[in-house]
């Protein structure tokens, strides 16, 4: 028997099946082949393996669809069809999606300074532009990282207003000021949909129409077998077995929901998309006017707001030119040997705020042509029981390469004010910011327009714990840097200036007394104030 035939007939054990073969025998066998033959047969083996994974996944997905509630079967089928396409592409990917040698900085005219766009001014009839706009907020996330249950958008962030309250107030103010009809669309996930819909009743008398649609529900994959860990789609199914597949899913789920066609029929032309926890992401009339003022045949179909990178943003995605197209480069796509280069503030000077302006007719076109080729983000997770799984995700900004006349706009840092942690929450709750019609703006009384760097320790991670540690929020108008670690509490009317570092060692407690003013101070040890 020749070596090639022997190799084909040899019993190879594939992931997810039972059986074993001797590693030393395998090693001797491969070593006995000439390199060209080994490469060819290995390629053939890998292709058969890929086909087997694909067929096995298809069978499992068919079982899952058949287990769905008959009323939900159609949407479940669409979700799993989308997942299967993503999984198929995942199996096809060989090595990094980016060839680092082909990367170059974006062309100069592809990233416009915001001031240049602002200098063009506004037209007399702003209402006409606003009537063609839809505001979309990404509302799929939970507040678990801040110790809260339910949708993150329902966390109180300022004057007892939630992220959702502030968003509704902003759009209502626009509609009243310009006598327009800008609707709000929430992209929920299966994690946030039910709780969000309950709360929407409170806005029924506000001057803003609110629509919702759900992003897809994809099955987590067992890392070893590359098969779904879910056994059923029914209500009794395991919640840990499913995940919302990142905000890049917006294009498919928006289209599948029917809402895209509905808004196009109403004459809407652009959506402004942003994360609901970015309190700087308000409707910018100058960017909207820039979009609307272009000739119809040269309309910009996609604007990504970027801003200057600081040391705190080194992991943020950036815009590059790649194969003669503007493209978003995420850290997950960067070869390990180039990660430090990617994080360089001098080479990659801007990052994506995830504030995006996208043409609705263009979304419909690329969806119908199946022309979106979003890079796959492989997100590994370990479940509570110790099982290793992977999630296949995509990013909304990665679609920039699929749209015509795409553009980056370098906006002021004030348009990027995300609240990811209680350290961020402290900033937006403080007197650094003024609240007007749902919008936060930095106080005119702050001499420097930069945001202080705040780092609160693990005792402050959960919102409930954080709130107990402040009798009220300190005066931070003159603060540059704050680090707090350990068991620390703040009395009323505390003032923080310059650089303040407060460290309570393990077992110690520091109570900052009411009325204290700390300027360029390090406080450590044990300072405890007791009631008597």
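Glycine is treated like the rest: Cβ placed from N, Cα and C.
TrEMBL annotations:
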BINDING   152, 215, 246, 277, 420  UTP binding site
BINDING   247  substrate binding site
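Rounded to a whole number, the C-alpha distance linking residue 215 (UTP binding site) with the residue listed as 'substrate binding site' is 8 angstrom. Separation of the C-alpha atoms of residue 247 (substrate binding site) and residue 152 (UTP binding site): 15 Å, rounded to the nearest whole number. Non-local contacts of residue 152 (UTP binding site) by the CB criterion (under 8 A, 6+ apart in sequence, same chain) comprise 141, 142, 143, 146, 163, 192, 276, 277. Counting every protein chain shown, the Cβ of residue 246 (UTP binding site) has 23 other Cβ atoms within 10 Å.
Under 8 Å, Cβ to Cβ, and six or more positions away along its own chain, residue 420 (UTP binding site) finds 145, 277. For the binding-site residues 215, 247, 277, the greatest number of Cβ atoms within 10 Å around a candidate Cβ is found at 215.
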